[in-house]
Structures are given as C-alpha cells and as structure tokens.
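Participant: Structure provided below as structure tokens; questions to follow.
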Amino acid sequence: MIAPETRANILIEALPYIKEYNGEVIVVKYGGNAMIDEELKQAVIQDIMLLHLVGIHVVLVHGGGPDISRMLKKTGAQSRFINGLRYTDDEAMEIVQMVLCGKVNKDLVRLLEGKGIGLGGMDGGLFRAVKMTDPEGTDYGFVGDIVDVNPKIVQDVIDQGYIPVISSVAAGLEDNNVYNVNADTAAAKIAIALKAKKLILLTDVRGVMREPGNDESLIHDIKVSQVPALTMSGAISGGMIPKVDCCVEAVRSGVERANIQDGRVPHAILIELLTNEGIGTMFH
Ligand SMILES: Nc1ncnc2c1ncn2[C@@H]1O[C@H](COP(=O)(O)OP(=O)(O)O)[C@@H](O)[C@H]1O
Ligand SMILES: CC(=O)N[C@@H](CCC(=O)OP(=O)(O)O)C(=O)O
C-alpha cells in the first residue's frame, strides 16, 4: 500500500516533465515483437491515454511484423528478410496491407476506447513512396522508401482531440502500387514532418547493445556522429539496422531526441517521459 503523500509526491515529480511536453508531439512506434502480451499492450495504451489526457500529443505508429509472418505462413508463404526488411512480392503485399491497415491498426484503435483514429499511409496522402533501392542494387520487391510526407491529416486528427494510430503502408508516388514500409522508418518520417519533440521506438530488447544479446553492454546514450563507427563494428544487425538509421535521420532532421527502448517493461513510455529514470538508448 503506497501512502497518500507518496502518491502525491510521485505526481508532483512528474509536473516538470508534463510542463516540458505539454502541447508537444511525441511519436511512439510500437513494434510487433513487443505487442505479443495483452497485458503489456494494455500498459502501453494506458501510458498513451494518460499522456493524451495531460495535453501531450501522442502519435502512435505501429508495426506488426510477427502478425504478417504468421498470416503469410497460413497461406504457405515464407518470410524472408534482407537487411531487416521483408522481401515483399505482390501476394505478400496484399497480406501486409490486410494485417497492418486492418487487424493490427483496428485492434489498437479499439483499445484507445473512442480516442484513436486509424490512418494508413494512403489516407489523406500521408505517405508517398518509391521502390526501395540501395547502392548494392538489392531487390526488396514492394518495399517502399517514403519520399513525400503530408502530415496535414495527422495534424487535423490531433487538432480534433484524437490520437492518430498509423500503419506503415504507402501509395506509390510514380505508380499505382502500394508499398510496404518499415514501421520504424515511417515513425521517423512522421516525427520529422510534425516537428515532434521526441521519437520513441519500443522494441523487444533493452536498447542498442555493443554486444547483441548481452544486456550489460547496453549503450545508454549515443551521439549520431558515433553511429557510423558502431555500424562498421558489425554490432548492429537485422531489425536494429532500420531502427538506428531512422533515429539518426530523425535527430539530424530536428527531432530533439530519439530513443530505442524496451517495450516489454510495463509503462516504459511513462518512465521515459515523466520520470528522471531515462531507459534504453538515447540518440542526440
Ligand atoms: N546491437 C544490437 N542491439 C540490440 N538488438 C539488436 C542488435 N543488433 C540486432 N539486434 C536485434 O534487433 C531486434 C529488434 O528489431 P525487430 O525484431 O525488428 O524489432 P521490432 O519488431 O520491435 O521492430 C532485437 O530483438 C535483436 O535481436
Ligand atoms: C519493409 C518491412 O520490413 N516492413 C515491415 C512492416 C511492419 C513492421 O515494421 O513491423 P515491426 O515493427 O513489428 O517489425 C514488415 O513487413 O514486417
């Protein structure tokens, strides 16, 4: 049982942080690997609701990679990842759109109990993408690189007092295709376009590790200028590659701070934003 004075003190301790973030946009990316447990999902939703009610404009961008892989498996298709991105053929693209814009998006919107509005990258011209390429000429199929962001629809939803819940698909800029976009990248793009104060990427590890798998090697904070050396060391692989890249892009483009943190910790968002217990890896 917590004494009433202690409870009041906890709230008062949060006051400077609430003042700092009041009226600001915070983009939270909630990854599929941290979404598996219903109790944790509920804790994430409670955090977002609390922040919303104290006047902090949370924009939720979600993943759903494991759900897509499960659904692909049901159809007999395999999932293949290259540099942390899903190779997406046209059949996979249909599943990606169904799972992300349908099941995952609407489940989160429902949990927000009337406060959430679901948006896909096609809504209101939010994201336009071209086919992803890289210097090696890798073919990723219908994986898109967002080249144009029109955040008006998201700002309108915020201005009307709702919480935007965004899925990472995009309309083709130069063709009629729909593209699959990594959700971390989509979160960074929207954070930049909305001039968000902070980008938080929730995942299933404590943050960026110097030695993956060794929790003791967690890097607490990192200057974006230090990232190339870290990448060269080979410490960053798989799904961590797009995460690190997009934190760097966000910070370089004016987002004050980007954080990669453990979505398996209950109330990780509140701990990061409203206490002095910074968790995870902070990019600045
Ligand atoms: N240096 C590293 N530090 C931490 N995790 C790493 C690192 N390199 C690779 N990873 C992997 O990246 C994964 C997170 O990416 P991903 O599975 O795509 O998460 P999400 O579904 O949350 O987007 C971790 O579970 C871990 O296996
Ligand atoms: C291009 C690409 O890889 N797209 C991702 C989109 C979903 C996503 O990013 O989900 P998580 O955040 O849960 O990993 C995919 O198809 O899995």
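Every residue gets a Cβ built from N, Cα and C, even glycine.
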Participant: Per TrEMBL, which one of Arg86, Arg206 shares the substrate site with Gly64, Gly65, Asn180?
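Facilitator: For the substrate site that includes Gly64, Gly65, Asn180, TrEMBL also lists Arg86.
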Participant: Cβ-Cβ under 8 Å from Lys243 (site 'Transition state stabilizer'), same chain, 6 or more residues apart: which ones?
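Facilitator: In sequence order, Asp184, Leu201, Thr203, Val208, Ile260 meet the Cβ cut-off.
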Participant: Do you know offhand how many angstrom separate Lys29 (site 'Transition state stabilizer') and Gly64 (substrate binding site) by C-alpha?
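Facilitator: If we compare the Cα positions of Lys29 (site 'Transition state stabilizer') and Gly64 (substrate binding site), the gap is 11 Å.
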Participant: Would you list the other residues of this chain near substrate - those whose C-beta lies within 8 angstroms of the C-beta centroid of Gly64, Gly65, Arg86, Asn180 - in sequence order?
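Facilitator: Result: Gly32, Gly63, Ile68, Ser69, Thr88, Val96, Val99, Leu100, Ser168, Asn182, Ala183.
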Participant: Counting Cβ neighbours within 10 Å across all chains shown, tell me which of the recorded positions Lys29, Arg86 comes out on top.
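Facilitator: Highest number of other Cβ atoms within 10 Å: Lys29.
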Participant: For the binding-site residues Gly64, Gly65, which one has the sparsest Cβ surroundings, going by other Cβ atoms within 10 Å?
Facilitator: Gly65
Participant: For Gly64 (substrate binding site), what is the secondary structure state per DSSP, taken as helix, strand or coil?
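Facilitator: SS state of Gly64 (substrate binding site) = coil.
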